[in-house]
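Working notes, beginning with the structure itself.
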Amino acid sequence: MEAAGLLWAALWALLLPLVAADEGILHASGSGVPPVTKDYCIIYNSNWVSLPKTLDNATFRTLENLTSTVLCSSPEVPPGLMKDKAVVVMRGNCTFLEKARIAQSLGAKMLLIASKSRLSGISDNKTDFEDVTLPIALIRYNDIVDMQLVLGNEVNVTLYSPPLPEFDYSMVVIFLIAVFTVALGGYWSGVAELENLKAVASPGERETRWKKEENVTFTPVTVILFVVICCVMLVLLYFFYKWLVYVIISVFCLASAMSLYNCLAALIGEIPFGQCRITCSNKTIEVRLIFLAIFCIAAAVVWAVFRNEDRWAWILQDILGVAFCLNFIKTLKMPNFKSCVILLGLLLLYDVFFVFITPFITKNGASIMVEVAAGPFGNSEKLPVVIRVPRLEHSASTLCDLPFSLLGFGDIIVPGLLVAYCRRFDVQTRSSSVYYISCTIAYAVGMVLTFVVLALMKMGQPALLYLVPCTLITSSLIAWRRKEMKKFWKGSSYQVGWRP
């Protein structure tokens, strides 16, 4: 189960999905005193119309709800009903251009097209729309229903498109979580390595220690096989998402509950209280560990039931995700730097290929990685393979598909395995944590570099593109500077004569 869980987690090396360039905000106001207001996501084409950048410069229009029609012909609407109003109609078989010309001819000042499927970009020949002057935007049908429930039947609306913020402070939280998890996972792996070395040096403890050891070691051959399986699984998710997503959710619940138990059990083991035991089938177990197991299972079940509750479920997902990453960084052992280079190098190529190359292969021009992250073909269920933190800066993206800043588990686990190897190598060679500290700092620098490129390019970045070079180059330079590259490359095996 441990190896299968990491196989699933390492599918991702994705920081943030791509951001649509033509996202805007519909600001709706009710007729009460004081008026109740609410914002909704819209998708528009900036080549057709320029929306105000602030709400102060926007013009309000009375909303006329005509979602009972698709507006593919003029007789569908009574004369005078649209005059000087914002009109919302359903998406139908006719084109946006046909709808816009009919609405404009009937005196409408704004056209909203409600869609029951996921919002997509609006594209068409610009020259065909030269005679169309009213703003056209796509909006979710569910948002129109919500607007009536929250604001009533008399609603005034306007459209505007504020610029994307240069930086969102949620990234600071993401950064702290990622660096903390990588550093703690590497340190925990080093503690386990020290216990192993002591067990090897003490024949009386060797058998007991090996029975407790649950590590899985990756050889170069298993690394290559692992990456191939990752590619196959991602493609399967792309084509069979609506079935496999629930399999992934189930695996996450099981694996995260086990991981949370292992993490908390390690902490509880250091507390010299509540160690009473019960015996069952000739086996003894501490009562506090039974309660801990119940707590961890309950946490995973609560997340599974309320996973779509955006107000607080992200906190529980992040806690389970951090525990998941910590457990695998500690459990999966890279035997040498050679295996680390192969793993990180192949996953870097995997990441770049599925983010940047697959748009030239798929029919809709979207990358397989981004499509699976967003839920292909309008699927609302999301894969629980990311750390999520709500965006703190108000923008159109927070209302559309990106209310959270995201960091894939793979962007923590994959470099974390190298950090863990550096920590174990420090323990084996008694090198005062120089490899571990240097690699952890390099990981932090790689994260900062990712955020800088993200802010400059205004689009999601495969974080491994920056994390892998930073960590691999730094580790190599330290080994070369200390004249230990050969030992670092091949790994340092246990020595029976090792003494603490």
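Each residue, glycine too, has its Cβ placed from N, Cα and C.
Annotated signal peptide per TrEMBL: 1-21, in sequence order. Annotation comment: TrEMBL describes 78-143 as domain 'PA'. The transmembrane segment feature in TrEMBL is assigned to 169-188, 216-240, 246-268, 289-306, 312-329, 341-361, 402-422, 434-457, 463-480.
Mean pLDDT for the domain 'PA' (78-143) in the predicted structure: 82. Sequence-distant contacts of the transmembrane segment (402-422) (same chain, six or more residues past either end, CB-CB distance under 8 Å): 6, 9-17, 19, 168, 170-171, 173-174, 177-178, 181-183, 185-186, 189-190, 218, 310, 314, 321, 324-325, 328-330, 332-334, 336-337, 340, 343-344, 347, 351, 373, 385-391, 435-436, 438-440, 443, 446, 463-464, 467-468, 471-472, 475. By the Cβ criterion (under 8 Å, sequence separation of 6 or more), the transmembrane segment (463-480) is in contact with the transmembrane segment (341-361), since 3+ such pairs are found. The DSSP breakdown of the domain 'PA' (78-143) into helical (H, G, I), extended (E, B) and coil residues amounts to 17 helix, 16 strand, 33 coil. Beyond the transmembrane segment (341-361), the same-chain residues lying 6 or more positions past its ends with a Cβ under 8 Å from any Cβ of the stretch are 10, 13-14, 218, 220, 223-224, 226-227, 230-231, 234, 334, 367-370, 410, 414-415, 417-418, 460, 462, 464-465, 468, 471-472.
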